[in-house]
Amino acid sequence: MGNNLMQTDLSVWGMYQHADIVVKCVMIGLILASVVTWAIFFSKSVEFFTQKRRLKREQLQLADARSLDQASDIAAGFSAKSLSAQLINEAQNELELSQGSEDNEGIKERTGFRLERRVAAVGRYMGRGNGYLATIGAISPFVGLFGTVWGIMNSFIGIAQTQTTNLAVVAPGIAEALLATAIGLVAAIPAVVIYNIFARQIGSYKATLGDVAAQVLLLQSRDLDLNASASAQPVRAAQKLRVG
């Protein structure tokens, strides 16, 4: 019995080769899912690193701005994909569309809504691919378990056909079946961990972008209030002359 068991190839590749076609399909699917997980990890890690560093740099540069026009001049030196520049453009576009309106509070409210929608859209864009990670992390263990159950069923069928409980007959089939579960866990665990890492990074990135949006809204609010005060000064001066 021991010699027969030793002659059986129980390496990972050997177990795969001797596995049932259904179990093989399960293993291949799980391996592909793992490849997708790591591809998303490396691609999005580079994306997060570059985007976050760029946004931090732009935020520091915009901190010196004292008006929306000055912020726009600073943003002119940003890259074409600059999100900070897009937020500034949103505020300027709302000012252009609201020309002639004396309701400054309404302008601020509409600008805040536009900036909020832009930040939300960026968050959705940065979160692309996370759905795949969540799906892989959720279903991979069960897919692997399906392969295990199928493999064990085949092992029992083999026992019935050979009419023996010899370990050399039973062990290889069970090992092949358990390999499917192991591959399922190998696919699922990194997917869940990477998903949580990216979820935190997206939250942090959106918070930083929200700070930039608040800074843009602050500059616009200051400009509107200063313009309103400047427009009101001649009126107050005329009223004083009449009273005098």
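Our numbering is plain: 1 for the first residue shown, then up by one each step along the chain.
Cβ coordinates are placed from backbone N, Cα and C, and glycine is handled just like the others.
Just so it is clear, the model here is predicted, and its values are computed rather than measured.
Look at the topological domains in Swiss-Prot: R57 and A207 end up on the same side of the membrane.
Sequence-distant contacts of the transmembrane segment (21-41) (same chain, six or more residues past either end, CB-CB distance under 8 Å): 129, 132-133, 136, 140, 143-144, 146-147, 150-151, 154, 176-177, 179-180, 183-184, 186-187, 190-191, 194. This prediction places the mean pLDDT of the topological domain 'Cytoplasmic' (199-244) at 79.
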